[in-house]
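Quick notes on the structure that follows.
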Amino acid sequence: MAFFFYFFFLLTLSSPSSSASSSNSLTYIVHVDHEAKPSIFPTHFHWYTSSLASLTSSPPSIIHTYDTVFHGFSARLTSQDASQLLDHPHVISVIPEQVRHLHTTRSPEFLGLRSTDKAGLLEESDFGSDLVIGVIDTGVWPERPSFDDRGLGPVPIKWKGQCIASQDFPESACNRKLVGARFFCGGYEATNGKMNETTEFRSPRDSDGHGTHTASISAGRYVFPASTLGYAHGVAAGMAPKARLAAYKVCWNSGCYDSDILAAFDTAVADGVDVISLSVGGVVVPYYLDAIAIGAFGAIDRGIFVSASAGNGGPGALTVTNVAPWMTTVGAGTIDRDFPANVKLGNGKMISGVSVYGGPGLDPGRMYPLVYGGSLLGGDGYSSSLCLEGSLDPNLVKGKIVLCDRGINSRATKGEIVRKNGGLGMIIANGVFDGEGLVADCHVLPATSVGASGGDEIRRYISESSKSRSSKHPTATIVFKGTRLGIRPAPVVASFSARGPNPETPEILKPDVIAPGLNILAAWPDRIGPSGVTSDNRRTEFNILSGTSMACPHVSGLAALLKAAHPDWSPAAIRSALITTAYTVDNSGEPMMDESTGNTSSVMDYGSGHVHPTKAMDPGLVYDITSYDYINFLCNSNYTRTNIVTITRRQADCDGARRAGHVGNLNYPSFSVVFQQYGESKMSTHFIRTVTNVGDSDSVYEIKIRPPRGTTVTVEPEKLSFRRVGQKLSFVVRVKTTEVKLSPGATNVETGHIVWSDGKRNVTSPLVVTLQQPL
């Protein structure tokens, strides 16, 4: 049979595949037992291709092969093909592809990273020198000064990566700063057909801007002067200014395809990166169906830290993505910088707004006619309220400021539509869901964004002015005030930042932390204007963007600094240091606020809090986790042996793991339990944790407890005495609830924390208790 497969394989090499273009086929990622390859096949590629040749349909071609973080291949298959492959004795799993999407300066200073400090994280880590951060994104614009290699030493000897040259990306585009650049489009082209190279680059070059922006946040060099359209003037710098960068382009016009993302993980690990930064996400699925979770496990198994964006689905609950416990999941917070652009109404009222519009402004001494898109005649109301394409009547918009509701199309696109229809300016109003969270945009006309309450105020003014015969027609102007520093309160949890609880494993608190993600200045390509709309002919070396996409590379860069300062720390130890030293108060000394509501935020919004780089360098204790600990976690999550092999490439003894504990006993730096309560009763559980001393020898840590409301919490022992650095000690946390009666379907979440303190360091872990009364 093997000889027949090999002969058939030779035939298929010269036969074009039709299944890739079949409307009934999808891309699948196939996990194979690579040890089972028959000796007759010279490579795994030959073996995989011969297996495909045995399928009933026209034999498909392989898109990617994987041999580092995952063993197998991806191919375009019909559901019948996929089912047939799953019956193959050496096929472990067949995973349908998911299409992911992007989660789209002053932040180093806000984080306390100053190049002038003589004894800080930057100095201790030599600014991240010789560590390589792999950025899986939309590529890179290598000519930007953020990627200049002046002053850097030779490329690290360990580096095995390449700079893939093309017509628009010469090999010389890489240097001692940008040490590698690759692109992966097989999955994209398998679904969409051959790329249109007039609209995007078939190379590592960035045609979107997102990848250039995130790469420079993580490791851009110091650049002065830096600004965009006159805003945020100052020094631009990444978190790890001397770290090296490798760009892995996986995102294209229609999205980021799992088969390409997994290929990027596979290649990045083989190339020798130290940190992987991923500002991409999709729908939460079980980990064994999640290509990002699978790729990330393969990376951390090799000692590579993986930072991933939490998503921009906030402020609603259960919106967090990239939730596997071996990834560090990053939400977004604000910094102490703002770009006020306020609306002055004809009745004298001022409405706060933000904008980074940099063109000719409105006449400050003049008031302009004001209209609401949703009340214009001739439209359907809904479309015109959102200022969608084709919804506005130029005769009713020309020469006026137009109020548009946020949603459906991008904020910058709304401005382009208003401008095309003759509008002089635009105000974007948040809806109830977005609340008061504001994002500054580089608009193509004078424009600003206001919160939900401000939008209501403006609509009310327009309505009352239009109805009153005695009053004048509604008017307004926009007053641009430039850049404002020292904003209080800050940080605040950004409105868009995705929230917990963790929809896949509520016992693992996600997001882990938040980092700067609102109105972040970073490098930008020449391909596209700062607004992102195609008609924007302005060009700038830097741009201001917002999203957890921007927060993630902050943590990626910080991880590189910590890895450089502590080369022996594992990815879990680095995450533990970030989590247990995070803070939850703002620069006014008050609990961090939720931007969307103006109320106090919670652990479901920020995880353990906002990262504190200086304290993370010296956390005292860390909660370390091995690959086998994660396997036990998966066993206790009731994953099958096949599921676990798909993720970890290892066989699992789940009988032993399940006897040893429960899913909450993963040695994570936070604690979360979900009680399913039936009637009025007391509930209890316990957590077992082990901490490693990375502080001082002969140190003693004592416990401090703030129990969640309605619970009793004890810790045994109450004191941990360490004789040496590297010593490990264990403790048990016991949680008991009081009798609480909930109505059917109700959920009650209470939070507290435990702190191990040696008098100098506070090792803080949040403790979350969730009570659910089933229907």
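Every residue, even glycine, has its Cβ placed from backbone N, Cα and C.
What Swiss-Prot records for this protein:
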ACT_SITE  Asp137  active site, charge relay system
ACT_SITE  His210  active site, charge relay system
ACT_SITE  Ser549  active site, charge relay system
DOMAIN    27-103  domain 'Inhibitor I9'
DOMAIN    107-617  domain 'Peptidase S8'
DOMAIN    367-459  domain 'PA'
CARBOHYD  Asn196  N-linked glycosylation site
CARBOHYD  Asn599  N-linked glycosylation site
CARBOHYD  Asn638  N-linked glycosylation site
CARBOHYD  Asn762  N-linked glycosylation site
SIGNAL    1-19  signal peptide
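This view paints the features noted in Swiss-Prot onto the structure.
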{"residue": "Asp137", "record": "active site, charge relay system", "DSSP class": "strand"}
{"residue": "Asn196", "record": "N-linked glycosylation site", "DSSP class": "coil"}
{"residue": "His210", "record": "active site, charge relay system", "DSSP class": "helix"}
{"residue": "Ser549", "record": "active site, charge relay system", "DSSP class": "helix"}
{"residue": "Asn599", "record": "N-linked glycosylation site", "DSSP class": "coil"}
{"residue": "Asn638", "record": "N-linked glycosylation site", "DSSP class": "coil"}
{"residue": "Asn762", "record": "N-linked glycosylation site", "DSSP class": "strand"}
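Nearest by CA distance to Asn762 (N-linked glycosylation site), out of the recorded positions Asp137, Asn196, His210, Asn599, Asn638, is Asn599. The separation of Asp137 (active site, charge relay system) from Asn196 (N-linked glycosylation site), Cα to Cα, is 19 Å. Asn599 (N-linked glycosylation site) sits 24 Å from Ser549 (active site, charge relay system), counting Cα to Cα.
Model confidence over the domain 'PA' (367-459) stands at 92, taken as the mean pLDDT rounded to a whole number.
Distance from the CA of His210 (active site, charge relay system) to the CA of Asp137 (active site, charge relay system) is 7 Å.
With every protein chain in view, the residue among the glycosylation sites Asn599, Asn762 whose Cβ has the most Cβ partners within 10 Å turns out to be Asn762.
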